[in-house]
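A short worksheet on the structure shown next.
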Amino acid sequence: MKMDHILVRYGELALKGKNRGHFEKLLLANIRHVLKPFPKVQAKRTFGRIVVELNSTDHEPVAAALANVFGIQSYSLALRVENELEAMQKGALFMLTQHPDAKTFKVSARRAYKLFPIDSQSLNHKIGSYVLKAFTGELAVDVHHPDVNVVVDVRESGTYITAGVYAGAKGLPVGSSGKVLHLLSGGIDSPVAAHMLMGRGAEVEMLHFHSPPYTNERAKQKVIDLTRELTKFGRTITLHFVPFTDIQTHIHKEVPSSYEMTIMRRMMLRIADRIARERGILAISNGESLGQVASQTLASMNTINEMTNLPVLRPLLAMDKETTIAYAKRIGTYETSILPYEDCCTIFLPTDSKTKPKRDRSAHFEQYVQVEEKCREAIAGIESLEVTGAHTSPTLDQLF
């Protein structure tokens, strides 16, 4: 015998009423995306859950991939047997042998297939008695707090036997809450913010500003690698590279150093706003944390936000750096984030940035920056990639 299936249970999406079918289809598509490295594995939607058929594939890497998918409340390794009492008894016994340290157990039979002639209570008794006899005193029944709960789920297509529940990523399926344009730097914070948004069902498109030759190809590859790391949580991610050298050098030359960072951030948000509108995206997001640096004070955010009337989402707003670092380590982005390659936010870094920049002063300094011309040139030079877990490729629909 071999555990040949994984049963996937839904989280919040089960509460979505009339939209449940749409959410289930999204979750199934996201599951199939993360299972692409396993060509024999199939995922199907059936009887209120998703069943993953392993087809002789080792269950451990498949289960590890499923553990990252948002929208999964929990999952269980399962043995499928025919709808026959003897097969159920032997299957339950096999599943208990996978828990050698267990001292107590219970059997929980669920007879969804009502034409099966033995009712649930009788199944509990017949299967439990068989297991007790086989273990000859090594196991005891505990119906309240068992070490192992053997669930026998009788369906028309067969009986699925499980003996353990593993926590999923929970949340909502990526893509179920719409699309967000996320400003991705090469640092620790922004990948964490993107992950948090994905957990609430947002599909993220990444926007990165790079400034060659001040930022090199290794810095660019670092951003691709961070994006690729995030694809394991649901789906392919579109990544846009915006050429920012000309804008940045122009600002450095024409704007007082105390306002340099503010004007740079305003230009970034202007460009992000235009890209988002072009692509039908309803919100912009970033990895800012309140008070962390000069550009992330309330006054700075207020002045910078003037460049868009789209919502600017900041999932990390109230998180401290230590918490964010721990989060980055947990999701696997930390080691890439700390690679020592500069991004555009670390070059020409002024030491006297205003913590309370004014909107009118910012607008005054922007008169010397040729805002419209520079924005158009930057958008015209965008490079877009589709990033998957395996590779990247140019986007098929070139919008810029």
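Positions of Cβ are set from backbone N, Cα and C atoms, glycine also.
Feature annotation from Swiss-Prot assigns domain 'THUMP' to 60-165; the stated evidence is sequence analysis.
Under the heading ATP binding site, Swiss-Prot lists LEU183, LEU184, HIS208, PHE209, ARG265, GLY287, GLN296. Following the DSSP three-state reduction, the secondary structure of PHE209 (ATP binding site) is strand. Neighbour count (other Cβ atoms within 10 Å of the Cβ, all protein chains): 25 for PHE209 (ATP binding site).
Around the Cβ of HIS208 (ATP binding site), a 10 Å sphere holds 26 further Cβ atoms from the protein chains shown. Cβ neighbour count for LEU184 (ATP binding site): 28 (other Cβ atoms within 10 Å of its Cβ, all protein chains included).
For the domain 'THUMP' (60-165), the mean pLDDT of the prediction comes to 95.
GLN296 (ATP binding site) falls within a helical segment according to DSSP. With DSSP classes pooled into helix, strand and coil, the tally for the domain 'THUMP' (60-165) is 36 helix, 33 strand, 37 coil.
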